[in-house]
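Copied over from TrEMBL:
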type: DOMAIN; residues: 144-274; note: domain 'Fatty acid hydroxylase'
type: TRANSMEM; residues: 60-79; note: transmembrane segment
type: TRANSMEM; residues: 100-120; note: transmembrane segment
type: TRANSMEM; residues: 135-156; note: transmembrane segment
type: TRANSMEM; residues: 192-217; note: transmembrane segment
Amino acid sequence: MAMNDSVNILNSAYLAVEYIDSFLPDNPLQQPFKNAWNYMLDNYTKFQIATWGSLIVHEVSYFLLCVPGFVFQFIPYMQKYKIQQDKPETWEKQWKCFKTLLFNHFFIQLPLICGTYYFTEYFNIPYEWEEMPRWYVLVAQCFGCAVIEDAWHYFLHRLLHHKRIYKYIHKVHHEFVSPFGMQAEYAHPLETLILGTGFFIGIVVFCNHVILLWAWVICRLMETIDVHSGYDVPLNPLHLVPFYAGARFHDFHHMNFIGNYASTFTWWDRIFGTDSQFIAYKEKEKKQQLVTKK
């Protein structure tokens, strides 16, 4: 009975969004995007699209999303939004991070990306424009992927902090006490595989078109680069996502090497009490601000 009620609620929500969508004006970018998508299908094989297309989407998205945080360090006005103001970025750290990223991207992640084509073939996942899901379905699928990845990340990330294994794997990621956006994927190769597995679970569950692979890559990179940015910028649209953790939440984890283990949302840390030190820190910070104002 409960299952039927849940299905009815989801169907009603889907119909409501579909009804609202029918009143929205046509997206002026849809036709150019359709033309570009069909051109890609006509001129490249599925293997090329799945492999090199996925690599390009990842690399371009990653480094473009890193640009704002990188530029902030040169803008004096933005320094008031930097969380750990006593630990500025250095060229030495950023260059070291960049070299490690290139190694991880092309020697760890690229071999995994090469399996994308075989994944889509095995599960008969379509590439055609006509079978592409509507925008609201894609948004819902990406949110579902984020929920799954967040659960995986919380428990495996917490395990990687165990005193018996921390120094062998996860310590590499914590080399930077004050994180910056480009450092989001700076990690030991084993960590890249262990925590990266959570990214693919949602794909296995929800993927009904190759576009979800790319949409979820962009969403996940947007989130992880934001929480590693080191800047708590106001009017951040990601803060509109319910229970979103944000940069200040994850920055505290890098600052103290404990607590706040989840990647995207706050609920797992709240359930298991691993955000208690962060909550106490925020309360202390508020009291100090009140004293300063007086």
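Including glycine, each Cβ sits where the backbone N, Cα and C put it.
Any TrEMBL annotation is an automated prediction that lacks curation.
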Sequence-distant contacts of the transmembrane segment (192-217), meaning Cβ under 8 Å and at least 6 residues beyond its ends, amount to 49-50, 53-54, 57-58, 61, 104, 108-109, 112, 116, 119-120, 123, 125-127, 131-133, 138, 141-142, 144-153, 156-157, 160, 169, 185, 263
Could you give the residue numbers and ranges of same-chain residues that sit at least 6 residues beyond the transmembrane segment (135-156) on either side and whose C-beta is under 8 angstroms from one of its C-beta atoms? 17-18, 21, 194-195, 197-199, 201-203, 205-208, 211-212, 215-216, 219-220, 223, 261-265, 268-269
Give me the DSSP three-state residue breakdown of the domain 'Fatty acid hydroxylase' (144-274), ordered helix, strand, coil. 87 helix, 3 strand, 41 coil
